[in-house]
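Please read the structure below before turning to the comments.
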Amino acid sequence: MNVNLIDGKKVSKELQIKLKKRVSSLRQKGILPKLAVILVGNNAASKVYVRNKQITAEKLGIETLNINFDKNISENELIKKIDELNNDATVDGILVQLPLPKQIDESKVTQRILPNKDVDGFHPVNMGKLFTNEIGPQPCTPRGIMELLKYYNLEISGKNVVIIGRSNIVGRPMAAFMLNEDATVTITHSKTKNLKKITRQADIVIVAIGKAEFIDATYLKDDAIVIDVGMNRNKAGKLVGDVNQTSVSKKVKYLTPVPGGVGPMTITMLMQQTIELAEKRINNE
Ligand SMILES: Nc1nc2c(c(=O)[nH]1)N[C@@H](CN(C=O)c1ccc(C(=O)N[C@@H](CCC(=O)O)C(=O)O)cc1)CN2
């Protein structure tokens, strides 16, 4: 069987054409959508992601405010900056690139961003809305995965979905998204027993564990849909996912590649959410 690769780059490009039009319509109304991006420290991967966010925003006509802090910044200093951005009426969305250095409490920072500027959808108020199936900013990676499944007309209702990983960025919100589409959802994690037995029952497997090429064909049933959220460097320094793509390709029906699958959608969804927050200004004015 030939695996169908889910092309996140292509879907992103198509979505971004529509987003650019929404930005120009906002700009015609005198609204300049603005995204504030805070980067703390020198994490090489984070620097790349932040740069890509800035480049994409610029391409779409979204203004960015780029704030870089030294890795030794105190929690109070970071919170002071967030307060300043919360009070800046020209800023629609605020994001703090994760992970943060050890001295900073990630949840305290996440909760300081006003829910209506929380472009990453990580604030507990917005997470709560997602879990109760209400509208609000949503975590960008799982939202991007839902867009990919929709684009490829892959049915979710009634499907057995297994999520590997329980992070706040991917695993937990992913479960809510899937529940909201009437899937039967199982979240598994490092303490799960008999993982293979569970994943082999799954119609859709979403892998976000941060272990290079961990999932091979023996974990999956024939014709499964596999979404690989991993982003790891293997021993040769090559970017690989959490799924062994060569092994699973012979068995599954759909697969997201790494790179070029979920990653590009995360950034596109961030842009979409910045625009959605800016569009709220029309009704509030
Ligand atoms: N505040 C946030 N921090 C983090 C998030 C997030 O959504 N909000 N997610 C991840 C990192 N991330 C975005 O921030 C991200 C990761 C990967 C990609 C991506 O496009 N990957 C490419 C490959 C890029 C490369 O060559 O290194 C791909 O998969 O094709 C985009 C965004 C953690 N932090």
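Using N, Cα and C of the backbone, Cβ positions are placed for all residues, glycine too.
Annotated features, as they stand in TrEMBL:
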- Gly165, Arg166, Ser167: NADP(+) binding site (BINDING)
- 6-120: domain 'Tetrahydrofolate dehydrogenase/cyclohydrolase catalytic' (DOMAIN)
- 139-281: domain 'Tetrahydrofolate dehydrogenase/cyclohydrolase NAD(P)-binding' (DOMAIN)
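Secondary structure at Ser167 (NADP(+) binding site), as computed by DSSP, is coil. Residue counts of the domain 'Tetrahydrofolate dehydrogenase/cyclohydrolase NAD(P)-binding' (139-281) by helix, strand and coil are 55 helix, 26 strand, 62 coil (DSSP-based). Compared over the binding-site residues Gly165, Arg166, Ser167, the count of CB atoms lying within 10 A of a residue's CB peaks at Gly165.
Close to the recorded NADP(+) site, the chain also has Ile163, Ile164, Asn168, Ile169, Val170, Gly171, Arg172, Ile187, His189, Ala208, Ile209: residues not among Gly165, Arg166, Ser167 whose Cβ is within 8 Å of the site's Cβ mean position. Using DSSP to sort the residues of the domain 'Tetrahydrofolate dehydrogenase/cyclohydrolase catalytic' (6-120) gives these counts of helix, strand and coil: 60 helix, 19 strand, 36 coil.
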